[in-house]
Structure formats: C-alpha cells, structure tokens
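Enquirer: Take a look at this one; I'll ask things after.
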Amino acid sequence: MQRIAPLRSTTRSLRRRRNHWPLRPTNSQLALETLKRSIAGDDNPKHGFLSVLIDSYKTHHCPPNPIAYSFTIQSLARRSLFRHLEPVLDHLQSSERFETDECAFVELIRRYGKAGMHKEAVDVFLRMPRFRCAPTSASLDALLRVLCASAEGLALVGDVLVNASDMRVRLAGSSFGILIRALCRAGKVRAAIELLGQMEVHECAPDAGTYSSILHSLCEHSDSASVVGFLEQMRGAGVTPNGGEYARVVRVLARERKAREAYAMLCQMRRDGARPNIAVYNVVLDGFASVGDSRKVNEVFDEILVMGLAPDVFTYNAYINGLCKKGDIDGARNMLACMAKAGCEADAVTYNTIVAACGEAGDMGRAREVICEMRAKGLVEDAQTYAIVIEGLVAKGEVREACEVLEQMRRRGWDPPVLILDAVICGLCERGMALEAVRVLGEVVGRSVSPGARSWMALLGVCGVVFEKALMGLEDVIKLDQMLP
C-alpha cells in the first residue's frame, strides 16, 4: 500500500522550490554580455575590436572562447566592418587552439558576397582549416551561391571546385543544384544537363527544383523536341512536373505552331493530376486558331466550359481569331454580344482582330462599323487599329483615304510601321501621285521614321519615268526648232 506524504512535508518542499534562486551566470556568460555591449556601442574603437574582445574576457578573468570569436566575426560582417576583421582572424588563426564554429565563416562568406568581395570570400573558405574548422558542403554552398550570382564570381568557380576536392569537401546535391541553376541562368543549358548526369556518379539525387530549372531554361533557349525529351526524362526519374512546368511546355509547342502536340501535353497534364487553368487553355485555343483548325477551336472552347472554367478576354480573343481565320466575320461580331452577356468586356485586341478580317475581305465599310462600335464601348483606336485600316484601304485602292488615316495616326502621336509606310508610298507611286508620295515621305522622315527599300525603289521608278518624259518633250522642242525657218 502506497504511503501518502504528510501535508506539512509537502508544503516545505514547495516552499523550497519557490525560494530557489536562479543559477548565477558564469564568468564566460558575463564576458560575452560585456563584449556585446562594447561592440554594439562603437563602430571604430580606439584600439580595435580585437582589443575589445580580449579586454571583455580579461575583465571577467576568463579566456575568449569559440562563441566570442563567432559573435565578433558575425557582428562585424553584418555591419560591413570588413577592415576590422583581419586582426581578429589573424589572432584566431595564430594564437588560439580551439576548434571554430563553421557558422561564423558561412555568415562571413555571405556578407563578403553581398559586398561584391568575391576574392575575399574565396580566401576565407580556403583558410578555414587554419582556423581548425573543417569546411563542409554548408560553407561550400554558401561560397558557390556568392560566386554564381555574378559573371566575375563565375570565373572563380572552377578553381574553387578543384581546391574543395583537395580539401576533401564533398559536393552535395544542393551544390549541384546551385551550379546547375547558374548554368541555366547563363543560357548554358547543355552544360547543365551534363552536370545533371554527373550527380549520379557522386551519389546525389536531383530534386524537383533542379529538374525545374533545366526545363525552364530549355523552354527559353531550345526547340520543342528538346523540351519534350527532357520532360519525359524528368517523369522517368520519378519527378512529376507541376502545373507551371507543363504550362511552359505547352507554350513552347504552341509557339512552334504544334497545336495538336500542345493539346496532347495539356491532356498529359490532366492525367498527372495537375488541373490546367484558363491561361493554359488559352494558349492551346490560340494555337488551333493560328493554324486555322476551326473544329478543334470549337472543341477546346466547349471543353473549357465543361471543365467549369470561366472564359476571359484572352479566351474570347482566341476564339474570335479562329472565326476570322475562316472568314466568319458575322460569327465574330456575334461573339462580341456573347462576351457582353457573359460579363466579359472586349478589348482593343478583340476589335482589331475583326477589323483586320474585314480589311482582308476588302470590306472597309464593315471595318468602319466595327471601329464605331469600338468607340461606342469607350475604347480608343491604338496604333495597330490605324495600321490595319491603312493596309486595308491601300489594298482596296483607296490611297487618298489611307493618307488621311495616316495623318490622323500621326496627329495621335504614333509613327507608322515601316511596312505600312511602304504600302502607302508604293500605292501613291503606282497611281502616279509622286508629289503626294514625296510629301508623305518628307513628313515622316522629319519624325525620324525611315521608309523601307520598297518606298525608295517606287520613288526612283516614278522619278525615272518623269525624267524620261521630260527628255522626250525636250527632243520634240529641238526638232520643232530645227524645222522653223
């Protein structure tokens, strides 16, 4: 049977606990507090920070310990007081015998990097064994991050890796990741892929971030075949691409007008559990519209609705582009009404697409109607609208009207693209309006706009004809003069 302690004994025990005083700080703790106050209060002590360190501990009759040096080094580094560091480091190297914490040097390397002092950062890393500190992948990674952040630092990476091998510092997976990301940023994606292959030799497993960096770089600098091939390699390694990575691949395929392959990638994205958003569907939809596949445009648009996604203005613009590609201008204009019912406001791109289709069909009257609708919605024509109208008018032979629109465009502060300017000048020259062509040319050249070779050839041709006619007229005058008595 368990005995119950008397109440009086329990009360005495509780009183003793309540009256127990906290432990008195050691001399080392007191010295560290003194050091912190002294360093914080002065950026340029009379006898230097090394004296402050030594005196703080001498006052409390104890020698400086690793914590004291680590605090001093990190404090000076954070405040960018680099000129005061060397005496502290020299004393630590030559006069002390204890092992030094690696964290202090990691912080110092980072601070040197932020200050752009790459050689100093490398020097500290190479000196670490002299401070009785065995460098690990933590300090190597800190140095690699510093060096890989600039072109100047990248030039030092090769020597650092050789020295790190001599110092028996093993490259970790994180080290490979830093180097691979640096190569990708520099556009050297092939070298990054080769380095990825070396990770297995060093018994390092690439993480999802490493694969993502290479895939992103491939999407920017390589063709779709390379991108899709690496994506399959990534999936074969057990790394499933996320939605953003799939979206990049879809854009690359659409950029190369491989609309069906882009749609197949979207389907693969869904099978891997990533739900495509409206932006990805817009890319695929625009891809089918660009190649004129109206059937797939309708199918993808219906799929968007079935998936419960809300079409945005980019969705409608792609759909309207598909309608215009097959010449269905009425359908495109009807879609404007559907957009309004769905609460999606058309933008200038929407109207410009329809205006361009009207111009290609030679129906400038309908193009003007669409522009009037555009103005009624509170939208203002932009430079592209004017360029589309001018091109359509020239194609229809209404060159004078094109010149008027060109003048309106200039008054709005927009300079015509070279192709549009060439179209106007060539149109004027073809109709024998050389003086008008020269006037237009003089006005735009005064605004630092240079016409293309087509304009100059057309003007030279007109001038040649005029000169030839003048010579013929002069010959007739001479003959007539010779016939007179």
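Every residue, even glycine, has its Cβ placed from backbone N, Cα and C.
Per TrEMBL, the features are:
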type	residues	note
REGION	1-20	region 'Disordered'
REPEAT	101-135	repeat 'PPR'
REPEAT	172-206	repeat 'PPR'
REPEAT	207-241	repeat 'PPR'
REPEAT	242-276	repeat 'PPR'
REPEAT	277-311	repeat 'PPR'
REPEAT	312-346	repeat 'PPR'
REPEAT	347-381	repeat 'PPR'
REPEAT	382-416	repeat 'PPR'
Enquirer: Take the repeat 'PPR' (347-381) and find every residue of the same chain, 6 or more past its ends, with a Cβ under 8 Å from one of its Cβ atoms.
Expert: 313, 316-317, 320-321, 324, 327, 329, 332-333, 336, 339, 388-389, 391-393, 395-396, 398, 412
Enquirer: Per DSSP, what is the residue count of the repeat 'PPR' (242-276) in each of helix, strand and coil?
Expert: 26 helix, 0 strand, 9 coil
Enquirer: Helix, strand, coil residue numbers for the repeat 'PPR' (312-346) per DSSP?
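Expert: Helix, strand, coil within the repeat 'PPR' (312-346): 26 helix, 0 strand, 9 coil.
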Enquirer: Mind checking how the repeat 'PPR' (101-135) divides into helix, strand and coil residues in DSSP?
Expert: 27 helix, 0 strand, 8 coil
Enquirer: Quickly jot the same-chain residues contacting the repeat 'PPR' (242-276) by Cβ under 8 Å, restricted to those at least six beyond its ends, or write none.
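Expert: Distal contacts: 208, 212, 215-216, 219, 223-224, 227-228, 231, 235, 283-284, 286-288, 290-291, 293, 296, 300, 307.
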Enquirer: In terms of Cβ proximity under 8 Å, which residues at least six beyond the ends of the repeat 'PPR' (382-416) contact it?
Expert: 348, 351-352, 355-356, 358-360, 362, 364, 367, 371, 374, 423-424, 427-428, 431, 433, 436, 440, 443-444, 447, 449
Enquirer: By a Cβ-Cβ criterion of under 8 Å, what residues six or more beyond either terminus of the repeat 'PPR' (101-135) are in contact with it?
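Expert: Long-range Cβ neighbours of the repeat 'PPR' (101-135): 66-67, 69-70, 73-74, 77-78, 80, 82, 85, 89, 92-93, 142-143, 145-147, 149-150, 152-153, 156, 159-160, 163-164, 167, 169.
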Enquirer: Sequence-remote contacts (6 or more beyond its ends) of the repeat 'PPR' (172-206), Cβ cut-off under 8 Å?
Expert: 137, 140-141, 144-145, 148, 154, 157, 213-214, 216-218, 220-222, 230, 237, 239
Enquirer: With helix taken as DSSP H, G or I, strand as E or B and everything else coil, how many residues of the repeat 'PPR' (172-206) land in each class?
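Expert: The repeat 'PPR' (172-206) comes out at 26 helix, 0 strand, 9 coil.
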Enquirer: Across the repeat 'PPR' (172-206), what does the pLDDT come to on average, as a whole number?
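Expert: The predicted confidence over the repeat 'PPR' (172-206), as a mean pLDDT, is 92.
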Enquirer: Run through the repeat 'PPR' (277-311) and tell me, per DSSP, how many residues are helix, strand and coil.
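Expert: Going by DSSP assignments, the repeat 'PPR' (277-311) contains 26 helix, 0 strand, 9 coil.
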